[in-house]
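As recorded in TrEMBL, the features of this protein are as follows:
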| type | residues | note |
| --- | --- | --- |
| DNA_BIND | 18-57 | DNA-binding region |
| DOMAIN | 81-182 | domain 'CoA-binding' |
| TRANSMEM | 88-106 | transmembrane segment |
| BINDING | Gly92, Val93, Gly94, Ala95, Leu96, Gly97 | NAD(+) binding site |
Amino acid sequence: MRKNERGVPVPTVKRLPRYLTVLHELAAENALWVSATTIARRLELTPIQVRKDMAYTDIVGMPKRGYPVDGLIKEIRRFLGWHKNREAFLVGVGALGTALLGYTGFADKGLSILAGFDIDSDKVGTKIHGTEIFSLRRLTELVQRCSVSLGILTVPPKAAQDVADKMVAGGIRGIWNFSSLKLDVPTDVVVQDEDISAGLALLSIDLAE
């Protein structure tokens, strides 16, 4: 089973935000405690799977009571790193990049996009959804000056490797890659690929059956 850099199975990491959604719903219902069985039922999982996932966090359930809802929310957010602000630069302010700049849900997950970058002179110097857009030529310089560690890549595949190289040269340590290109980066740089076309292909095949 594939694991992330911390040795946690990737499926577990993907389930943790789903647990948070359930926990926030329970908190809104004024629930103080929740069992693994209740979480499992709401997400169509098994209680054993929920307990295994929770074991990667530092919170421990109590017999006959389960987990404290507020405590579990805080612990999962801490585990995911969502309790602290992480600053990012976004490169490629086309339709997708613009949509990401306008997404307000990042703040709750500890992500702040400080600036956008593009080669389009009509966009450079403007603000999109309140975020200033700079020339791509300044990317490496500003990464170094602002000590940004995360880059969001929303450029066409033919430009992706060059942009990734500029990010790495500035000190970016993690790239959220929305292009379909497999990036060649140093081993100490983490890349998370989001291939929208692959997701659509899987959906299309299921609908065609």
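Cβ coordinates are placed from backbone N, Cα and C, and glycine is handled just like the others.
For Gly92 (NAD(+) binding site), the same-chain residues 6+ apart in sequence whose C-beta sits under 8 angstroms from its C-beta are Phe117, Asp118, Leu153, Thr154, Val155, Pro156, Ala159, Val163, Phe178.
Of all the binding-site residues listed (Gly94, Gly97), Gly97 sits in the most crowded Cβ setting, with the most other Cβ atoms within 10 Å. Gly92 (NAD(+) binding site) falls outside any helix or strand according to DSSP and counts as coil.
Taken as a whole, the domain 'CoA-binding' (81-182) shows an average pLDDT of 96 in this prediction. Of all the binding-site residues listed here (Val93, Ala95, Leu96), it is Ala95 whose C-beta has the fewest other C-beta atoms within 10 angstroms. Excluding the listed site residues Gly92, Val93, Gly94, Ala95, Leu96, Gly97, the same chain places Thr98, Ala99, Leu100, Asp118, Thr154, Val155 with Cβ atoms within 8 Å of the centre of the NAD(+) site Cβ atoms.
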